[in-house]
Amino acid sequence: MNISATILLAFGMSMDAFAASIGKGATLHKPKFSEALRTGLIFGAIETLTPLIGWSLGMLASQFILEWNHWIAFTLLVFLGGRMVIEGFRNTPDEDDAPQYRHGFWILVTTAIATSLDAMAVGVGLAFLQVNIIATALAIGCATLIMSTIGMMVGRFIGPLLGKRAEILGGIVLIGIGGQILWSHFAG
């Protein structure tokens, strides 16, 4: 996977966390940068670990399904991307409207884990491709740190406008990467 695909994957994977951070920022009363950075660090750390876990699981099975690798990566990315697009169009109840001043650590960890499960599945798919998983996981984690921090700071301003669209955009990026993987297999 080339560097542009890695960057697209990293920011595509960060969109769930970005959307969640917008929601978290929207519920806080004047979030401070330190709170946004704390959220970004938690989300980024977990989002770095989950593709590594998925990749490890995928490597255990790689000897059995190596000839299907492009189809597995394509299917996982299209499935996850499609799920993100569908979730982006769903109407979900808003979080509690009462302003808060800080989110609890375990609430953030739980949210980060929930938004990073797709990164674990992508890690499984990446096990069947020739990628530097450490660099890819770090790129995903850094993109998530950046996007989550930004999402928290601007959440209360753009939450009603962009919140779900961020998830839709992330899903479209994942579907595009899946298509690129399949195309590169058949083209070359």
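Each Cβ is built from the backbone N, Cα and C atoms, and glycine gets one as well.
Packing against the transmembrane segment (3-23) from elsewhere in the chain are residues 36, 39-40, 43, 47, 51, 81, 84, 88, 95, 111-112, 114-116, 118-119, 122, 131, 135-136, 139-140, 142-144, 146-152, 154-155, 158-159, 162-164, 166-167, 169-171, 173-174, 176-177, 180: each is 6 or more residues past its ends and has a CB under 8 Å from a CB in it. If you look up Swiss-Prot, you'll see 3-23 (among others) marked as transmembrane segment, on the strength of sequence analysis.
Sequence annotations record features per position, and here Swiss-Prot assigns transmembrane segment to 41-61 (among others).
Feature annotation from Swiss-Prot assigns transmembrane segment to 62-82 (among others).
Same-chain residues lying 6 or more positions outside the transmembrane segment (106-128) and placing a CB less than 8 Å from one of its CB atoms are 1, 9, 13, 16-17, 19-20, 24, 38-39, 42-43, 45-47, 49-59, 61-62, 65-66, 68-70, 72-73, 76-77, 80, 83-84, 136-137, 140, 144, 174. Residues annotated as transmembrane segment in Swiss-Prot: 106-128 (among others).
The transmembrane segment annotation in Swiss-Prot covers 143-163 (among others).
Residues or ranges marked as transmembrane segment in Swiss-Prot: 168-188 (among others).
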